[in-house]
Amino acid sequence: FSKRRKAAKGGAQGAAGQEPPAADEEKPPPQYSWDQRAKVDPKDYTFSGLKDETVGRLPGKVAGQQFVIQDCENCNIYIFDHSATITIDDCTSCQIFLGPVKGSVFFRDCKDCKCVVACQQFRTRDCRKLEVFLCCATQPIIESSTGIKFGCFQYYYPELALQFKDAGLSIFNNTWSNIHDFTPVSGENNWSLLPEDAIVQDYVPLPTSEELKVIRISTDTVKSIIPITRGGRQKSSEESCLAVFFAGDYTTANARKLIDEMTGKGFLLVQTKEVSMKAEDAQRVFQQSASDFIPLLEKGPVVALEFNGDGAVEGCQSIINDVFSGTKVFVSENKEAASRDVDSFYNFADMQMGM
């Protein structure tokens with residue numbers, strides 16, 4: 001009706017000798033917020049059909065988008081940013097670094113590739129001879145694949161910690177060696193672990209192009225953003241120890257400090273986990289001392305560390321008392337209790353994470 005009134009009014013003005021509006025004059029179309037978003041060009045998030053090249057994306061250039069790598073041969077490929085998902089199809093003899101991926105990384109029909117990967121989900125299908133330094137929050141899966149080797153993710157550059165947060169990944173949740181083979185072959189093993197002393201740079205060299213050399217990378221295991229764990233490798237001792245830090249401003253720093261102190265004394269870090277706990281979970285895991293820790297659970301997830309080695313319990317208790325005297329930390333009471341603590345906590349944590 002408002003349009004009619006305006007038209008009538010315009011007609012009246014025309015009758016009074018004023019110019020009526022031009023018949024073809026139209027209002028500009030309405031602008032919506034989604035029309036003003038930067039248009040995404042898929043070519044900016046794709047490496048396809050490359051051979052003998054070094055290519056990459058700098059921090060901030062992917063910014064959580066999906067990425068596709070396909071039909072590449074003998075290339076060095078580096079994604080120094082976080083992304084939503086990444087698929088790698090039909091690649092041969094490539095060295096690949098993938099920064100934190102919020103969702104899945106899926107290798108299909110690839111062979112003779114060496115990779116460093118951090119993701120929520122990892123899967124291969126119809127692949128041969130992949131060597132992967134992996135951080136994966138869930139159980140990695142291989143399907144119709146052979147000759148797949150895994151090691152623990154070890155990498156550092158200044159932007160990496162924030163990229164893990166942007167991707168929603170915890171540096172303490174890494175099941176890199178807990179592989180599920182969808183298509184096992186009787187009498188054969190389609191996957192194995194890389195040598196414990198494997199050096200990342202021997203597999204995925206640092207970038208040499210002028211564009212990518214600006215990234216300040218370290219592959220020193222001490223600097224790795226992800227704690228280096230033994231995972232599924234055989235333990236050196238029958239004695240393990242569980243230490244649990246509760247949510248607070250310095251939880252991550254405290255956990256890393258204890259790892260440095262314990263490994264500096266020759267103890268081995270077997271596995272780590274960050275997970276939320278309820279009161280009933282604490283009763284089951286912490287048993288007699290649960291009442292001391294239940295009030296702390298409301299602040300956020302806990303960070304648990306398993307150490308292994310003769311004297312691990314006494315060594316851990318000593319460091320906790322000396323270095324963390326003002327911090328509430330659960331640590332196994334003795335060697336006998338430690339085995340139960342480790343089993344009950346990680347059984348609970350695996351159930352929580354659906355593994």
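Numbering starts at 1 and runs along the chain as it is shown here.
Glycine is no exception: its Cβ is also placed from the backbone N, Cα and C atoms.
From a predicted model like this one, the values you see are computed outputs, not experimental measurements.
Residues or ranges marked as GTP binding site by TrEMBL: G103, S104, Q120, Q121, F122, R123. What TrEMBL records for 29-184 is domain 'C-CAP/cofactor C-like'. According to TrEMBL, the region 'Disordered' annotation covers 1-38.
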Test of understanding: give the count of other CB atoms lying within 10 angstroms of the CB of F122 (GTP binding site).
27
Check: same-chain CB within 8 A of GTP site center, minus G103, S104, Q120, Q121, F122, R123:
T85, V101, V105, F106, C119, C136, T138
Neighbour tally for S104 (GTP binding site), based on other Cβ positions within 10 Å of its Cβ:
17
Over the domain 'C-CAP/cofactor C-like' (29-184), what does the predicted model average in pLDDT?
95
For a quick check of packing: other C-beta atoms within 10 Å of the C-beta of R123 (GTP binding site), how many?
21
